[in-house]
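Each remark here refers to the structure printed beneath this line.
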Amino acid sequence: MGAAILSDLLTEILIPVAAFVGIAFALVQWVLVSKVKLSPEGPDSASSNDNNGYTEHLIEEEEGLNDHSVVVKCADIQSAISEGATSFLFTEYQYVGLFMVAFAVLIFLFLGSVESFSTKEQPCTYSKYKTCKPALFNAIFSTVAFLLGAVTSVVSGFLGMKIATFANARTTLEARKGVGKAFITAFRSGAVMGFLLAANGLLVLFISINLFKLYYGDDWEGLFEAITGYGLGGSSMALFGRVGGGIYTKAADVGADLVGKVERNIPEDDPRNPAVIADNVGDNVGDIAGMGSDLFGSYAESSCAALVVASISSFGVDHDFTGMCYPLLISSMGIAVCLITTLFATDIFEIKAINEIEPALKKQLIISTALMTVGIAIVTWLALPPSFTIFNFGTQKEVKNWELFFCVATGLWAGLVIGFITEYFTSNAYSPVQDVADSCRTGAATNVIFGLALGYKSVIIPILAIAVSIFVSFNLAAMYGIAVAALGMLSTIATGLAIDAYGPISDNAGGIAEMAGMSNRIRERTDALDAAGNTTAAIGKGFAIGSAALVSLALFGAFVSRAAISTVDVLTPKVFIGLLIGAMLPYWFSAMTMKSVGSAALKMVEEVRRQFNTIPGLMEGTTKPDYATCVKISTDASIKEMIPPGALVMLTPLIVGTFLGVETLSGVLAGSLVSGVQIAISASNTGGAWDNAKKYIEAGATEHAKSLGPKGSDPHKAAVIGDTIGDPLKDTSGPSLNILIKLMAVESLVFAPFFAAHGGLLFKIF
């Protein structure tokens, strides 16, 4: 079959080098962002910073913005947001840490009991004539991998939050010098998070594989089965981060908007609003920390799914380490490609006008996808032999290396299609969102109807793109093809995360500008950054959902193989009842998360109303509101309310697999995948469209928009109501659903040995 050009030794060097380059690039971007000082500087110090310092100082004077008190206010507000976010995450991680330890014990007990905690070697699952490592040690290493994934996920989320809160006020201050400067600061900060997460995820996974190899040796099957715990740890932490953070941010957002904008007719992020600090804290704990953990989980799971299938294909049989590391080499190339792509945004193309922001972000997607296509071709040519075999449900399918290139490229380009369709349905530059805004003329009811219709319609093309990707990938390289297609979609994760994190940073920057009393001109710039950020956040969610569908299917295939299920026949009662239960779960999960946001928002609205009614001088701006009480309401609600949805997702595979067996569990996984993807896309896009319809009216950039405004008009109030309904859809339920479908799949794969040996207790009794 031939050999690969790239040697195993070179592979061992290139992967960690790529990870360290990613970390180094992130640190360089962080240093550049930190050069924006959060302390007042006079003309002398400003001019001594660099050659352009004096010029920039003059620009500030011309705009009347060289006000030292504004800089101090920005620093104080940033400090309050950072402290609130850090405090919440530490509280959340204490609860999540207890769960992590308890679930790690469960993994050990379940997997260890497969062979009664035996220390004897056992026949391999896929090669019965060979012996593999004992079940007890598989349980130990799976538990360790789970803990590693969980810790990496938590660290990814926490680092993202710290970077975002470090950058928000700096973006605000740079907006005094022009929209281009502010854009670069926000984007560089997003890049710090993107590259740190991509590089850390790759590095920890690679080090884990090499450490596990010291024990497993050439038992690739056992090694990569244990490594799947890494993906489970990553996604389980992401679930709690997304749900907890989503409840926090949307409770504050809905409370602030309903009372502040609709009832009191004050601007968004007005410092008189008691919920304004909680709202800005929420952007960081939900949209940044939760999203970082989420995309890390997707990356870890797609890598694990591909590695599991590779280990039982000719790569594992022939001990071709480079071939098995093909998924990691794709991710390594992704870091290099994203590094070049980022330079286009920060150093090559300069943004000079507000209308150039969104095209610049779109160029990031196009450039990274085009360069990555070439990168995939290079990696495929160097790392894979001309032909090899891939495990395909009990048989070995012969595959050419160029076929695997098409699998990865199909996933990559399907991601771009999903991104652009998402942009079309959520950006106020296009007719769908403008139609939603226009429907506000007749009140909130028609706005809601139009928004829901938009969300349902927006599902069509992404689903077709995912379907084409699945069909092409499976026909070319079976389930391994689908796993690497998912990896292709996530290969530009550093750029995707940079674009995604840019949104909440810009949102916070706008809030800080309003609270610090900066001029309307500055607020217009930050609003423009934020509006583009809303669209890119929706694009990021589209990528996450699309990749989750492919990852879940790849994990589902690995689970079916590991559980020794010959076929999943929907006509058998066991499977069909599983399909029904699985399709119902995303609705149950969404109901829980939506109601949690509603309950918390109810308390928030009551508290904000109470403060406006009882604190003298609050509306006049002579008295400060009690921000701390609102922060506490969001914190308490999110910690309490994140547990039931999390328990639903984590316990369902365990209960179904143990009591109803692997056939029913396969039905549950298929049902939740098919149902969950549709609801997730619809919910995210509906919420994004409502948000940007509101911003379209507020900006008043066209004659049509002006006819619906200004702020405080009846159409604007109807748009605000639509936005508040969409908040939990796009930032809590929608993004959490993609974690549901992939987490249940990876959990089923990790526990598959136990389910195959001891599952289906009810059917055995009756």
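Placed from the backbone N, Cα and C atoms, the Cβ positions cover glycine too.
The transmembrane segment feature in TrEMBL is assigned to 13-33, 95-114, 134-161, 182-209, 326-345, 365-384, 404-426, 447-472, 478-499, 543-565, 571-589.
Contact check: the transmembrane segment (543-565) against the transmembrane segment (478-499) gives at least three Cβ pairs closer than 8 Å, residues 6 or more apart, which meets the contact criterion. Among residues of the same chain six or more beyond the transmembrane segment (478-499), those with a C-beta under 8 A of the stretch's C-beta atoms are 22, 187, 190-191, 193-195, 197-199, 291-292, 295, 298-299, 302-303, 305-306, 309-310, 313, 326-327, 330-331, 333-335, 337-339, 341-342, 361, 364-365, 368-369, 372, 375-376, 390-393, 397, 399, 403-404, 407-412, 414-415, 469-470, 472, 536, 539-540, 543, 546-547, 550-551, 553-554, 557-558, 561.
Note: the stretches the transmembrane segment (326-345) and the transmembrane segment (13-33) are in contact (3+ CB pairs below 8 A, sequence gap of 6 or more).
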